[in-house]
Amino acid sequence: MSILEVQGVNKRFGGLAALDDVNLSVRENTIHAIIGPNGAGKSTLLNCLVGKLIPDSGTVTFGGRSLIGLKPYEINQLGVSRVFQTPEVFSDLTILENLMIPALASRDGAFKLSPFKYLGKEADIRYQSERILEDVGLIDQRHLLASSMSRGNKRRLEMAMCLVQSPKLLLLDEPTAGMSRADTNNTIELLRTISEAHNITFVVIEHDMHVVFSLADRISVLSQGHVIVEDDPQNIKGHPKVQEAYLGTVESEG
Amino acid sequence: MLAKLLNNKDTMLVIVFSLVVLAAPLLLAPLGAGYPDLMQRFAIFGIFAIGFNILFGLTGYLSFGHAAFLGVGSYSAVWMFKLLSVNIVPAILLSVLISGLFALVIGYVSLKRSGIYFSILTLAFAQMSFNLAYSVLTPITNGETGLQLALDDPRVLDGASTEGVLPSPQLFGLEMNDTAQVPFLGMELQFNVGFYICALILIAAFFISLRIFRSSFGMMLRAVKSNQTRLNYTGINTKPYTLAAFVISGMYAGLAGGLMASMDPLAGAERMQWTASGEVVLMTIMGGAGSLLGPVLGAAIIKYFENIFSRINDNVIEAWFTFLPDWLGDILVTLISPFVGKGWHLSLGLIFMLVVIFLPGGLVEGAQRVSRWTVRSVKRLQHSEPGSSKSLEPGETH
């Protein structure tokens, strides 16, 4: 059963076709990786899924609902969370507050005017946030400002912020970009634990083949704006088209 | 129960704040600022700055047009005095309401942009209001003369005054300019009705702002300042949050404007000029944007400079140094005089620069640093233990 369907999506920037008739079908409760060389359109595709960009044509449906034209917060309210390439957290707020915001967003919706209700009285939200912080191992630092964290921990925090919303679909934009091998392995471990513990579908955009092949159930290879192959990991590895896209031929390289 | 209440940091803060505000005539008299007119201004601008801080301090949206709401509040209040009654209650309610509506419209349009473009839009709206008040809207604003009470005003509830004296604003019979003068330790303490009304409203305004700071709504506003992108992808629609903050702060400004007119039933367009908008920005930044007490502190300091520092002339300085030899006294007078009297802007500017460069969190941050340093020194004296890093409960701001 597919939870996310992308059909015939096109997106042009001036004369450049960033996405050219892209099709993608993500099955529920799987980890679906999107790989491809630089400039293949991976980020553009992700931006079309979260409402940052509107495709010129084509359809994007999530759980049977079209996402075209919806704002990022509306898409999040439907159950789609995202992790950025460089972690985006609320640096001036404490780690616990960073978790309480998404928790409140899931409970109260996109806007709720309750200017006089003490935050201290939101015991449920706090409990929920602290439980997730325990899971990702940040509970001891919960009263520190997020700006004081290392980049690796910020990534963890951002992941926790998505998890506290119990999303149906979690989009990750190069979750291990710029990480050391050890941190990368920790992240892989974290993602695996999460996908086993929660019923979350993952779409992972990734550069690092090691990450992709240790995580993904299914892989789409994007090159020059279109999906050249969509298959299981074992079939992707030796696929001639994939090798061509990554290594190129002598002519196209020049 | 009481002990528990007193243990709560916020309750203590409100209590201490209230005591200090209510004791203002006593505390300010030695500083030469204990007269009703100035104390009223402290309180009114305190309210104005507290409201401004809800927008600027929490969301980071810098409005350069908040004086427009102050002006609108003043005009509404004076119209209420003219048409309905010189009782300040309906006047102030109308000020808050009208400025809130005004803020809703201006905020809705201005918040389509952020950063410098937002500031420019608010500035443009305020200057537009200022110029309209002088030209097209003269029937409402009475142009350059300013809107004031007249003998032939209808005053439906009071009945037109026939005695040939202009009535003064009052609260169920308590006239704003009633002042009890009490001699105390060689000083003359002035307890003024108008000031105490402003003071009570200031305390209420402070309490409301505290509740907003500590609520989930306040946390969302701080998140807007911190990372709006993240907030959008977290399922929060930031527009209504920022608009609500804008309207609330506009209502605070209207309240301040209404109070201003209640203390002195006159409303002029100059109250809406951009310099007045800039002043509240200075107050907030100087005291500490985003802190609870900062804006009130900033408002008090700027108004103190404007009213007291500006009155110090060469004769006053000479009087300070009469105990010194003449030549030394002359040198000191020459050195100090550019910074006081008409030069008060110079000292204010210098202080502002120092604050912005060395204390980005304003004077409140300065006070916190001093107190933290003191606590640490005391601890170090007691036992050499490393200080724990700063940790905060949710909703608490530093």
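Glycine residues also receive a Cβ, built from the backbone N, Cα and C atoms like all the rest.
Because TrEMBL annotations are produced automatically, they should be read as predictions rather than curated entries.
Listed in TrEMBL for this protein:
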TRANSMEM  B:12-35  transmembrane segment
TRANSMEM  B:42-64  transmembrane segment
TRANSMEM  B:84-109  transmembrane segment
TRANSMEM  B:116-137  transmembrane segment
TRANSMEM  B:193-213  transmembrane segment
TRANSMEM  B:240-260  transmembrane segment
TRANSMEM  B:280-305  transmembrane segment
TRANSMEM  B:317-340  transmembrane segment
TRANSMEM  B:346-364  transmembrane segment
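Annotation: stretch B:12-35 has the most Cβ pairs under 8 Å to the transmembrane segment (B:280-305), among B:12-35, B:116-137, B:317-340.
Using a Cβ-Cβ cut-off under 8 Å and counting only residues 6 or more beyond its ends in the same chain, the transmembrane segment (B:346-364) has close neighbours at 282, 284-291, 293-294, 297-298, 301-302, 305, 309, 338-340, 398. The stretch from B:42-64, B:116-137, B:193-213, B:240-260, B:317-340 with the most CB pairs below 8 A to the transmembrane segment (B:84-109) is B:240-260. Long-range Cβ contacts of the transmembrane segment (B:42-64) within its own chain (Cβ-Cβ under 8 Å, at least 6 residues beyond either end) map to 21, 24, 28, 33, 70, 110-111, 114, 118-120, 122-123, 126, 195, 198-199, 201-202, 205-206, 209, 212-213, 218, 221-222, 224-225, 241-242, 245-246, 248-253, 255-256, 259-260, 263, 274, 277-278, 280-281, 283-284, 287, 289-291, 294-296, 298-300, 302-304.
Long-range contacts of the transmembrane segment (B:240-260) within the same chain, counting only residues at least 6 positions beyond its ends with a Cβ under 8 Å from a Cβ of the stretch, are 40, 43-45, 47-48, 50-56, 58-59, 61, 63, 66-67, 69-77, 88, 91-92, 94-100, 102-104, 106-108, 110-111, 197-198, 201, 205, 212, 217, 220-221, 224, 267, 271, 280.
Residues 10, 13-14, 17-18, 21-22, 24-25, 36, 39-40, 43-44, 46-47, 50-51, 53-54, 58, 88, 171, 174-179, 221, 248, 252, 255, 259, 262-263, 292, 296, 395, 397 of the same chain lie 6 or more positions beyond the ends of the transmembrane segment (B:193-213) yet place their CB under 8 Å from a CB of it.
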